[in-house]
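This report concerns only the one structure given below.
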Amino acid sequence: MPLGERGGWESSESMYCGVETDFSDDVPSLLSFHISTGGFDYVLAPLMNPSYRPSLVEGNGSETEVLPVSGSDLVLAPSQWSSHVVGKVSSWIDLDSEDEVLRMDSEATLKQDIAWATHLSLQACLLPTPKGTSCANYARCVNQILQGLGNLQLWLRVPLVKSDGDSMDATTEVLNDSWELWNSFRLLCEHDSKLSVALDVMSNLPSESSLGRWMGESVRAAIISTDSFLTNARGYPCLSKRHQKLIAGFFDHAVQVVVSGKLVHNLQRASDSNAEGTQRHPLRSYLDYVAYLFQKMEPLPEQERIELGYRDFLQAPLQPLMDNLEAQTYETFERDSIKYIQYQRAVAKALVDRVPDEKASELTTVLMVVGAGRGPLVRASLQAAEETDRKLKVYAVEKNPNAVVTLHNLVKMEGWEGMVTIISCDMRFWTAPEKADILVSELLGSFGDNELSPECLDGAQRFLKPDGISIPSSYTSFIQPVTASKLYNDVKAHKDLAHFETPYVVKLHSVARLAPSQPVFTFAHPNFSTKANNQRYKKLRFNLPSDAGSALVHGFAGYFDSVLYKDVHLGIEPTTETPNMFSWFPIFFPLRKPVEVHPNSPFEVHFWRCCGSTKVWYEWSVSSPAPSPMHNTNGRSYWVGL
């Protein structure tokens, strides 16, 4: 039974809770007790008898040795094995042991366990935590298995620990930061997308910065021991505020929760049996509390619900100069009322500054909307004129002939014939009959200048008066390093260089933002300088929080912030973003090879905006802690066409 319905969620988005069990050769009874009686959704159960050692049964002349697995595959229907059982590889295995017999036994048992799990069509199998800080042979064997694996996912069990010391103490084999262990294992397994992590949540949690790293990793399960629960005033289990926040974060990232351990809260007197008189599951109160945490989460806002399908989904940025937008794309942008409210505020302020109250009835302001689309900026500008009681003459310049058809119909329908003149032309090549007081455009991309706003406005500003106003008046791009395991694997799946040198528009969700964003390129309009140049170069240095621990950078999240006019701004940079606006998702610049960064070592990045006669492109690289290859040299993989 799912954890219940969360407000604003579809039933298909419900979360599930499992329970860790001991080995049993009676799987139907195991499921009956934990699922039918206990209410859990699945069991995390060993597949092989823990006393089994290959070396003790081999070589005795018998060719008919039957593996001591947890019962025949026939005791459950295939759908039950698949939906109600997550396999556990034998926890005693130690593939990096110096004892050769133990090491060979471990290799054989690991492969037998996974082969049996595959035979049962299980969805996932839990790998035990590496015994020491060295895991090379363990990872080698797992990587061999991964190469031939079908749909089975492997979860590596890792304790959620991060002390204040160095990452790993080689002399004492003490693990101070479990992320290091996971990272070593993941790198040795070549970032395989079928390898994920299951975190053992302890009673003591690392710092917020340290926990944040895991939100960008492929965490599939959080195993919570009953020892980690506190006791509330009524004697029932509960979690600390920090644990509650962590679990809520896991729920938001589709991480399954597994309850592990024995009953440590003395609840038997109150609940030995339920209303039907049957024995109550000893861990039911822990399940009820986990369900309570899920059900009390805030409902998703409507816009977030609409965007659920776009979470961590890579999209190529628009090429609005080379391509004409489709009606559906226009409609999506036009629904963003917040954006046009901001534009209307900016135009209203510009009109009031341009025309004093005493001249409002005699002066007509000439306003040009360049890139008018299907007319939302024309409407916002006319509403600003009505609001401020100013006279307005509008030129709507649009290169897409299909959108121009809509514009003509809109003007007729709204009765704007005397105020709006429609120009079907590329703004860069139009010869205006008069100079404009105000130039309005919405040419910004997710990275500010990545849809060629600078080039377009440089071409259009020749018909702006010397003291004319551009809306927007300036915009700045920002980047920040991120851990984004899913995005990296999605890019890697294409198996070519070009996809690693392409920036993607993406609704970032399963990412860890490792340091505050920093400004990259700024453009201001109008720019009447005779030496105007839209090429840019910026070197940035990021530092991880000292208590975060090391992290793997898979790429950079990019944003923009723009000043429309004076104090009216518009943007998606996380610390200053315009609330409830959805026209832009962030942009993601991948790294061909992820870079491990440490809190005590600066992370240096270089970004270029390059301009040619027919295209504009970005190049990027890392210089510290270790140099990376240059990405997208000469725009060989990605460019924006002029």
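Keep in mind that glycine also has a Cβ here, set from the backbone N, Cα and C atoms.
All annotation found in TrEMBL is predicted automatically rather than curated by experts.
Annotation comment: TrEMBL describes 39-296 as domain 'PRMT5 TIM barrel'.
The feature domain 'PRMT5 arginine-N-methyltransferase' is assigned by TrEMBL to 303-471.
Residues annotated as S-adenosyl-L-methionine binding site in TrEMBL: TYR330, LYS339, TYR340, GLU398, ASP426, MET427. All protein chains shown were included, and the count of other CB atoms within 10 Å of the CB of ASP426 (S-adenosyl-L-methionine binding site) stands at 17.
Residues annotated as site 'Critical for specifying symmetric addition of methyl groups' in TrEMBL: PHE333. In this view, PHE333 (site 'Critical for specifying symmetric addition of methyl groups') is surrounded by 17 other Cβ atoms within 10 Å of its Cβ, with every protein chain counted.
Marked as active site, proton donor/acceptor by TrEMBL: GLU442 (among others). Note on GLU442 (active site, proton donor/acceptor): other Cβ atoms within 10 Å of its Cβ, all shown chains, come to 24.
Residues or ranges marked as active site, proton donor/acceptor in TrEMBL: GLU451 (among others).
The domain 'PRMT5 oligomerisation' feature in TrEMBL is assigned to 474-640.
Straight-line distance linking the Cα atoms of MET427 (S-adenosyl-L-methionine binding site) and GLU442 (active site, proton donor/acceptor), rounded to a whole number, equals 13 Å. Between the recorded positions GLU398, GLU451, the minimum number of other C-beta atoms within 10 Å of a residue's C-beta occurs at GLU451. Its own atom aside, the Cβ of LYS339 (S-adenosyl-L-methionine binding site) has 24 Cβ atoms within 10 angstroms in the protein chains shown.
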